[in-house]
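Copied over from TrEMBL, here are the features:
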type	residues	note
DOMAIN	20-145	domain 'ERp29 N-terminal'
DOMAIN	147-239	domain 'Endoplasmic reticulum resident protein 29 C-terminal'
SIGNAL	1-15	signal peptide
């Protein structure tokens, strides 16, 4: 069924930023909650600022992945388009029309529409890394996150599969890591160490991810150290939220 959506996706994306699908009160129900998961922004007609740039970057990162990145432009003038959608999702009261002065206080807002499931609001940080990790977890789609290696993301997914021969996967990971050089070799070594750590403590992937995220969010870490921790979080996500596409 997903292929039937492609002509409609192409039509509504014509006027949008790259890989961002323009949605309204007609197309939203046609394209979301169906065969392809969707991540949708609700905002003013012409968003701007850091969050708008982060959303554009997310869309570029998601190009080629099985996910719709959409936007609903809410107008405060003329026919006041899509204010009905703002009301539907609880972003405006039923007895009040949104005015220009309301927009910065309420928007942007973000919702995830899973495949054939109930939608949910995204309340995490509006950064490329955070939104990508969220989609990787919730939509089970593959993103080549910064600092990751697709081959080792696949090995990570194999390692955490139910009934997996972990010793065999670890052996293959070590052999693959030995064949690499430079930054890739360092990245691969972290995947291997993570597998070894998890054999000592079963829930290590999640507890280590939570620990690193807490430190990153604390704001008391040097930028270079924070960047290094984020790379580790990205690699660990292959174990915590393995992609169905690998």
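Cβ atoms are placed via backbone N, Cα and C, with glycine included.
TrEMBL annotations: computationally assigned, not manually curated.
Mean pLDDT of the predicted structure over the domain 'ERp29 N-terminal' (20-145): 92.
Counting residues of the domain 'ERp29 N-terminal' (20-145) by DSSP class, helix then strand then coil, yields 41 helix, 25 strand, 60 coil.
For the domain 'Endoplasmic reticulum resident protein 29 C-terminal' (147-239), residue counts in helix, strand and coil come to 74 helix, 0 strand, 19 coil, using DSSP.
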